[in-house]
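Asker: Encoded as structure tokens, here's the structure I'll be asking about.
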Amino acid sequence: MAPNTSTNPSVDVLPTPWTGRFDGDGDEHRRWWQAVAPLTSSAAAGASRPAVVLGFCSDAGVRRNKGRVGAAAAPAAIRSALGPLAFHLDRDVFDAGDVVVEDDSLEEGQQRAGRAISELLDAGNLTAVLGGGHETAFASYLGVAGSNAVRSGKRLGVLNLDAHFDLRDEPTPSSGTPFLQMAQEETAAGRELRYAVVGISEPNNTRTLFDTADRLGVKYLLDEDCSAERVETFVADFVAGIDVLYLTIDLDVLPASVAPGVSAPAAYGVPLAVINAVCRQVAASGTLLHLDIAELNPEFDIDGRTAKVAARLVNTLLA
Ligand SMILES: N=CN[C@@H](CCC(=O)O)C(=O)O
Ligand SMILES: [Mn+2]
Ligand SMILES: [Mn+2]
């Protein structure tokens, strides 16, 4: 596969070197920080589809949704947690830098990130966006919907691991609205959104949100029903009806003890083992087009715990 050498004009901050422990230069000592190359590099790609990491530094969506801001610092925190991990992947990984949402310029930032993602997808990469609040998901959707794969008619599925539907009907887009925005976009394009959610917390979603989900034909599993077996079947059924998958992980799907560094920590949450198994299942499905991980707020993290979990899940997904 061709190396990925373009510098995308939509990106604000160019990639900076990753850091981590140094045990030696040989492959047997390799860690993420030694493996990840800036997208501007001319490093040769291997046999597997290359992965490209892109940061989406945004607080605007959570602020508009009346949450606890701080997710704009998440891309740097996830890179820091990924850097020291041992690198066992059979693919090249590139860093494209960050799209930065200044102040309240959310819609413009989502459009720019979307263009960057489409371009990376059309160049043959597996794209991994590090959010940002869950407004990151609408940027991801714009990128995926604008890609050649979806424009050529492939059936898109959106799988969200989240305690919340994020289907709010509000005049202003936020971290609480991205999947309703997607549904509206799909309708305008003469399609229906195929949207599934794993981990919905009943007490944290109003009747209106459940009604909206039902009206849109959203498939979901409540957090209390997320045994490993049920989740595996649910994901397998969903993936069987699509051609390409966009996976989005809102870290508040995990219990607050595992993921304290989020805007809305979960009292119940889906166990990390189950969420990690979904990531393995999705990675092995052959359908994964694009992924993102959202809602990390380093300000409320404890000992980098949530950032480490985010890094672990990204590692699983790209393996
Ligand atoms: N992306 C976050 N969405 C949730 C937040 C809930 C909360 O702040 O308690 C929502 O809007 O429902
Ligand atoms: Mn959530
Ligand atoms: Mn969410």
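Even glycines carry a Cβ here, placed using N, Cα and C.
Bear in mind that TrEMBL entries carry predicted annotations, made automatically and left uncurated.
Grabbed the feature section from TrEMBL, which reads as follows:
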type    : residues                       : note
BINDING : His134, Asp162, Asp166, Asp250 : Mn(2+) 1 binding site
BINDING : Asp162, His164, Asp250, Asp252 : Mn(2+) 2 binding site
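Let's see these features in context: how buried, what's close, how far.
Answerer: Its Cβ taken as reference, Asp250 (Mn(2+) 1 binding site) is surrounded by 30 other Cβ atoms within 10 Å in the chains shown.
In the shown protein chains, 28 other C-beta atoms lie within 10 A of the C-beta of Asp162 (Mn(2+) 1 binding site).
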Asker: Would you mind pulling the DSSP three-state label for Asp252 (Mn(2+) 2 binding site)?
Answerer: helix
Asker: Here are some binding-site residues: His134, His164. Which one has the most Cβ atoms within 10 Å of its Cβ?
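Answerer: When each Cβ's neighbours within 10 Å are tallied, His134 tops the list.
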Asker: Going by C-alpha distance, which of the binding-site residues His134, Asp162, Asp166 is nearest to Asp252 (Mn(2+) 2 binding site)?
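Answerer: For Asp252 (Mn(2+) 2 binding site), the closest Cα among His134, Asp162, Asp166 is found at Asp162.
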Asker: What other residues of the same chain, not counting Asp162, His164, Asp250, Asp252, have a CB atom within 8 A of the CB centroid of the Mn(2+) 2 site?
Answerer: His134, Asn160, Leu161, Ala163, Asp166, Gly199, Leu251, Val253, Ala264, Glu295
Asker: What are the sequence-distant neighbours of Asp166 (Mn(2+) 1 binding site), meaning same chain, six or more residues apart, C-beta distance under 8 angstroms?
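Answerer: His134, Ala137, Asn160, Ser175, Gly176, Thr177, Pro178, Phe179, Leu180, Asp250 - these are the non-local Cβ neighbours of Asp166 (Mn(2+) 1 binding site), listed in sequence order.
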